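Pulled from Swiss-Prot:
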- 235: active site, proton donor/acceptor (ACT_SITE)
- 172-174, 205-209, 240, 277-279, 342, 348, 500-502: ATP binding site (BINDING)
- 233, 234, 235, 236: substrate binding site (BINDING)
- 162-316: domain 'DAGKc' (DOMAIN)
């Protein structure tokens, strides 16, 4: 592209080269004056500029507006040294540099604008899980040319539909051992600050259910204006955001959320989590890491994936909503016991696990369920006979709500909405289910000994649910769409549920019903297998600091 060209009148006039959709050569390339660039119809074509690196190496930038990619090419007489970035990998462009520490930007207090340099701030995949930011400085030949590119790219990024424009961030100041605010300030805030067109409001929660009530009571004009809700805390805070948004959406749509058979409406907003809790299983499952900067990157660039949700009902009334894991028996008792030792921090779970193992709780009850169409196994061929007396077996016509049932003594009853990756289950708890595959994994473990239970939990941590399903014959696991549990009435303690890290009391004389709602919500995240890690070459970087970062 001509960088500046003397006009016949003696003045300087900026030119921009636009290449049409079908590449042509010679005289068919249009040269459009800077002052008349608004005449360019649509957003197609190629924008080209010859630039320099900080080491004075000549390069060419091509912005392909048809395919939304940037091509950086070293002009050394060969076509070998080229790198291409997608538009959705560009966080922003700035006219000033800023510090980047371990791939995390630091907001400058007094940014100093460079004369002709434009800084491209790209996000990239550092390894198999983590995402980081890198800055590519590009030196144009004139300041006006630099400003034009900056204005054009900034406007383009603001128009990207999937990028959030207005989000509310809820921070639990007690999360992460009281470090949630610091986590947000040091690892997240700068990403949002750099994102063009992103407005965000921070709300510090003051009590339990504060976030849920805030969302439910939000004025209609504010609710319709936001397009994202972000939690900085543990799974409990995210559950508040999820519950509040779903309640608000169903109320506005006139849906009866208390009815398990209702077809629920998907909220218009997306959810994000910055993990600052003890387990952080939801964010670890979606991103395959609990890394704060990675979560911030996916929110800022507008990554999106759909996630299943499970509603919990008692007597035709909604009592809880889950997008993680629901467990009963040993795991529920561990959570209940750990509440007495919150002062110990995350280590309280190990202490309570030891205490619960010694106590070795066993619960007798009835599990009923209906299989997903993706399940190929017939439970009647695998499940042992029911304990007698079984209320369903005694009925001549069985149960019209569920296809299968099992009355037994249980050590574990576990339902996974997502694979459930945690520090204690790094390979995932669920054998089969995915993030949004439209199934629940229902795992039933009958009465087993203390030693067997210790071996069972050790195998879960070492191999994950998928390998455990093949190693332990006591595990009965099925892919279901709905199910229920009712404890026997003669038990003094009906037990509790561990629902997304929060305690849910099991009624003594009534069943709880669990219903799957496939891909009900959208999450700021993407399939980890879609993008390969970026490989660096320090030798080649000497040749081009733009192409080889």
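In case you wondered, yes, glycine gets a Cβ from its N, Cα and C as well.
Annotated features, which come from Swiss-Prot, shown on the structure.
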residue : record                             : CB count, 10 Å
172     : ATP binding site                   : 24
205     : ATP binding site                   : 23
208     : ATP binding site                   : 12
233     : substrate binding site             : 27
234     : substrate binding site             : 26
235     : active site, proton donor/acceptor : 27
236     : substrate binding site             : 20
277     : ATP binding site                   : 26
342     : ATP binding site                   : 9
501     : ATP binding site                   : 21
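Across the residues of the domain 'DAGKc' (162-316), the predicted structure has a mean pLDDT of 94. For the pair residue 277 (ATP binding site) and residue 234 (substrate binding site), the C-alpha distance works out to 4 angstrom.
Cα-Cα distances to residue 208 (ATP binding site) place 236 within 10 Å, out of the recorded positions 233, 234, 235, 236.
Note: the CA-CA distance between residue 235 (active site, proton donor/acceptor) and residue 172 (ATP binding site) rounds to 11 Å. Ranked by CA distance from residue 236 (substrate binding site), the binding-site residues 172, 205, 342, 501 have 501 at the top as the closest. Listed in chain order, the residues near the substrate site other than 233, 234, 235, 236 are 172, 175, 231, 237, 238, 239, 276, 277, 278, 279, 280, 500, 501, each with its Cβ within 8 Å of the site Cβ centroid. Comparing residue 233 (substrate binding site) with residue 172 (ATP binding site), their Cα atoms are 5 Å apart once rounded. Using a 10 Å Cα-Cα cut-off from residue 234 (substrate binding site), the binding-site residues that qualify among 172, 205, 342, 501 are 172, 501. A helical conformation is recorded for residue 235 (active site, proton donor/acceptor) in the three-state DSSP classification.
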